[in-house]
Amino acid sequence: MIDKRLLQLPGIRKIMLMLAALTLGQAFVILGQGHFLAAGIVHAWHLLPMAGLVPYILGFGLAYAGRQAITWARNALAEHYARRAASDLQTRLLAQVYALGPQAVAQEGTGNLVTMALDGVGETQNYIELILNKVLSMMIIPWVLVGYIFMQQHLAGIALLIMFPVIILFMVILGMAARDESERQYAGFQRMSNHFIDSLRGLKTLQLMGISKQYAQNVYTVSEDYRKQTMKVLRIAMLSSFAMDFFATLSIAVIAVFMGIDLLNGKLSLYPALVALILAPEYFMPIREFGSDYHATLNGKNALTAIWQLLALPVPQPATQQPELAGPLTLTASDLTFQYPDRDDGIKQASFTLHEGQKVAIIGASGSGKSTLLNLIGGFLQPTGEPFTLNGTPLAHLAQPAWQEHLSYIPQNPYLFANTIAENIRFYQPEASEAAVQQAASEAGLSDWLRTLPEGLATRIGEGGRGVSGGQAQRIALARTLLAKERRIWLFDEPTAHLDIETESELKATMLPLFAGRLVIFATHRLHWLNQMDWVIVLAHGQIVAQGAPADLAAHSAAYRALVAQMKGEAHVQA
Ligand SMILES: Nc1ncnc2c1ncn2[C@@H]1O[C@H](COP(=O)(O)OP(=O)(O)OP(=O)(O)O)[C@@H](O)[C@H]1O
């Protein structure tokens, strides 16, 4: 009944023991409540002196107060634990997402991850809390009560015992149906989250293509499907509550009728009959409460399963001996191979050696594997085997803290946070001084633009702030990189691909002097960058088909010449 994986949560066994002790105490106070009430009524029925009622009233009052106090303590304990466990899961989830890197985010979907880390964690907390309280109640309270009823009145005890599995059977059948529907509902929820984020992100494109209205209809259909799935779960949940209430009430009614007849015939005395009747609803209460909350726990269970699945994904472990990077860097890859899951695409047996101070271009047709190779060099993807050697240390992958703390990655559209320009530049160096930020901004060629802004570096950009052009965004990313002096390896993924020729040549003029002395790896489609490069790697279908200095390649490599001719053609068409 308790998901076994829940038992792996840290500290849960101790909490369960404490809650079980409290629940046992609660079973006895419920028993006390029933006993004092029945005994008091019997006392009054026999018209005994009113003063004799006082101990029963006091006893009932104490038992009632004890029950409320224990309920409060149980809820507080379970809530405290569930909140802590959920927040711990959230921390682990975020750490895992960061450890897995951008590929995992792309695979899971941003919307899904965001809802998982926010709503999913809240639902998980609900689930842990309900399961802890309701399951323990169901496992302890009915048995204490039915034991006492049995001692007082065998037949009533047996009748109650027989009804229990019947109710459980209905609960299981309906619960399984609810679970299946709820899993479908959760999948719908994940789809809806990703769909919604995608639509928001692609709104500009959709509008430009004139299909935003059609897409809005699409969003409506997906959310309508989700609504229908939710209603299905609720329908089953209500049916389940109804079935349990019906059987519990029916059992109590049957017991009441038989005991009434026995009372009239004088076969039964009043106390056992009353105590059995008073305690019978309490006997069914935990299972009814569990049943009515069951559907509410399903969302949490699904969210927890999704979180667990993500937490179980293997995270690349850094090598025990980190490479020594104090001196000049040399990175060698031998037979570097990587394949996307269930795909033929990737990188096949690539071998190269790169040195600090080199400017390296990676070129190739669209889909040839340029970004994949950059991601492998950045440590965002893990290859097979142990293909890398970094300053003499053999490494299975480059998700190594020693390597990554020297990396700076500038994609086509660098991400700008909703903050000031200064804070965006301080991204790698939150402590950097105003003067250092100014210096980096000026080296990255931002000064002219900043002078036109009334608030200069304090201007807010990103979502909800001032818009920035593609070239300005690239310069902010450059300034970010320049500020972090220890970042000696610059990875560029087609940084100028979407810029116009004038902006690109201005940016190029700013960038080239800054490349000096660093290891710059530059995936590009633009021919004119090649002349400024020291080394060019030519990719085709995930394989290195040529590499060398641009002049040597131009002289000796047919593959290079063919690609350059193709790129010239594209440039010609673009122009
Ligand atoms: N996450 C992924 N899962 C599966 N296949 C992928 C993934 N990313 C890329 N691929 C595939 O791997 C191949 C290489 O892609 P990659 O993005 O590295 O090419 P590229 O040379 O950078 O292309 P472009 O110049 O168009 O950006 C492509 O066929 C692509 O479809």
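Cβ coordinates are placed from backbone N, Cα and C, and glycine is handled just like the others.
Annotations in TrEMBL come from automatic prediction, not curation.
What TrEMBL lists as domain 'ABC transmembrane type-1' is 17-299.
The domain 'ABC transporter' annotation in TrEMBL covers 331-566.
The transmembrane segment annotation in TrEMBL covers 15-38 (among others).
Taken from TrEMBL, the feature transmembrane segment applies to 44-65 (among others).
Annotated transmembrane segment per TrEMBL: 131-151 (among others), in sequence order. Here the transmembrane segment (131-151) has Cβ contacts under 8 Å with residues 1-3, 6, 12, 15-16, 19-20, 23-24, 26-28, 30-31, 34, 74-75, 78, 81-82, 157-158, 160-161, 164, 275-276, 279-280, 282-287, 289-290, 293, 297 of the same chain, all six or more residues outside its ends.
Long-range contacts of the transmembrane segment (157-178) within the same chain: residues 142, 146-147, 149-151, 233, 236-237, 239-240, 243-244, 247-248, 251, 254-255, 258, 276, 280, 283-284, 287, 290-291, 294-295, 298, each at least 6 residues beyond the stretch ends and with a Cβ under 8 Å from a Cβ of the stretch. What TrEMBL records for 157-178 (among others) is transmembrane segment.
The transmembrane segment annotation in TrEMBL covers 236-261 (among others).
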> the domain 'ABC transporter' (331-566): mean pLDDT?
Replying inline: 87
